[in-house]
Amino acid sequence: MTQSQVTPNAREALTETIVDAKVRKNLTFEAINEGTGLSLAYTTAALLGQHALPENAAKLVAERLGLDDGAVRLLQTIPVRGSTPGGVPTDPTVYRFYEMVQVYGSTLKALVHEKFGDGIISAINFKLDIQKVPDPEGGERAVITLNGKYLPTKPF
């Protein structure tokens, strides 16, 4: 039976345990994800408390991380999503995404509405990918793809 969390507390505590195990075992998220059949972004988000994992994936990652049966069950529960505490993020990496939305949010909204009409881009029917590519001017660049289904507003 599908279970749902009503507060972020249990998943936040599990996230701390997961990150500790990942560090102790010197694993990457990619290594933990291997064989789950899920995208790296989805599994990473689940391990950080933002998604539920299917039973087989929960068992696999728990085995890799040395987690108990309680953690396997908790990884399968529907979390309280978007539960980052504190409002405006203070972590520099997360803050840059917040800043990008602050600068380009109205542009994205205007262009989505111009191309699609009144509606939203789903974060439920959604895929995320990040690639590291060389910068022709030196260094590296991050190519981040946000691929969400367009959902039109339906008058009622």
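Even glycines carry a Cβ here, placed using N, Cα and C.
According to Swiss-Prot, the features are:
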- ARG96: active site (ACT_SITE)
- GLU99: active site (ACT_SITE)
- SER122: active site (ACT_SITE)
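Features as recorded by Swiss-Prot, highlighted on the structure.
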| residue | record | CB count, 10 Å |
| --- | --- | --- |
| ARG96 | active site | 11 |
| GLU99 | active site | 13 |
| SER122 | active site | 12 |
Q: Can you see whether DSSP assigns GLU99 (active site) to helix, strand or coil?
A: helix
Q) If one measures from the C-alpha of GLU99 (active site) to the C-alpha of SER122 (active site), what distance in angstrom results, rounded to a whole number? A) 21
Q. How far is it from ARG96 (active site) to SER122 (active site), counting Cα to Cα, in Å?
A. 22
